[in-house]
Amino acid sequence: MVRVLGVTEYTLAWEAMKAFTDGRDDSTTDEIWLLQHPPVFTQGQAGKAEHVLFPGDIPVVQVDRGGQVTYHGPGQLIAYIMVDIKRRNMGARALVSLIEQAIIDTLSLYGVEAAARKDAPGVYVGEAKIASLGLRIRKGRSFHGLSLNIDMDLEPFSRINPCGYQGMEIVQLKGLNQQTLEQYYSPSDACPLLIDDVAEKLQSKLTEAFGYQAVNVTHELPEF
């Protein structure tokens, strides 16, 4: 099941994914949720307060995923990965590697060469970070997931030490390969086709990597 949810409040999505994970059983179908969030900083379980420098008017939410502080905002693609890794005989490290490779393969379709790093989860273009990962495994089932910077205001990243790294450079897909990407923008640069196209391609790469044969798509959160 894939849920394409548009712009959704962070806490609403968080409560829904926790409820879904707590309520699933051995026969529950895995799900991937694709969405964006209004501006919010999320502080993971390993997060330290000193890495939140000056959040200003953007809320900071303490959450139950791994990792440290990051920023979510419009123009950033979020994919929440609700997978029964115990049922798949998959370890957490293998799950992280699968997600990272799906992001790398997606970016390559836009002519962008990206890579993962052994010392820090996520996906990088050179030394700059373009995608972050933060997962939680509960009773062998994953939730939370990834964020991929597409076409967004990067300024809020300067208000934190992203993922706990002071001065880390953050990049986004827009601007990395303008010749390839210009087809997704109108002359006024106001056409939001790029993030929708990336979402479709990332969905394809993730479902292919997990080996899903048939995928149902909906535009609603599950009831909880």
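Every residue, even glycine, has its Cβ placed from backbone N, Cα and C.
Taken from TrEMBL as is:
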type	residues	note
DOMAIN	26-214	domain 'BPL/LPL catalytic'
BINDING	R65, G66, G67, Q68, V69, T70, Y71, H72, S132, L133, G134, G145, L146, S147	substrate binding site
SITE	K129	site 'Lowers pKa of active site Cys'
ACT_SITE	C163	active site, acyl-thioester intermediate
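Structure with TrEMBL features highlighted.
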residue : record                               : Cβ within 10 Å
R65     : substrate binding site               : 20
G67     : substrate binding site               : 23
V69     : substrate binding site               : 25
Y71     : substrate binding site               : 26
K129    : site 'Lowers pKa of active site Cys' : 23
S132    : substrate binding site               : 25
G134    : substrate binding site               : 23
L146    : substrate binding site               : 24
C-alpha spacing of K129 (site 'Lowers pKa of active site Cys') relative to L146 (substrate binding site), in angstrom
12
Find the average pLDDT over the domain 'BPL/LPL catalytic' (26-214) in the predicted model and report it.
88
Integer Å value for the Cα distance linking G67 (substrate binding site) with K129 (site 'Lowers pKa of active site Cys') is 15
Is G67 (substrate binding site) helix, strand or coil when read with DSSP?
coil
L146 (substrate binding site): secondary structure state under DSSP, collapsed to three categories
strand
Over all pairs within R65, G66, G67, Q68, V69, T70, Y71, H72, S132, L133, G134, G145, L146, S147, the annotated substrate binders, what is the largest Cα to Cα distance, rounded to whole Å?
16
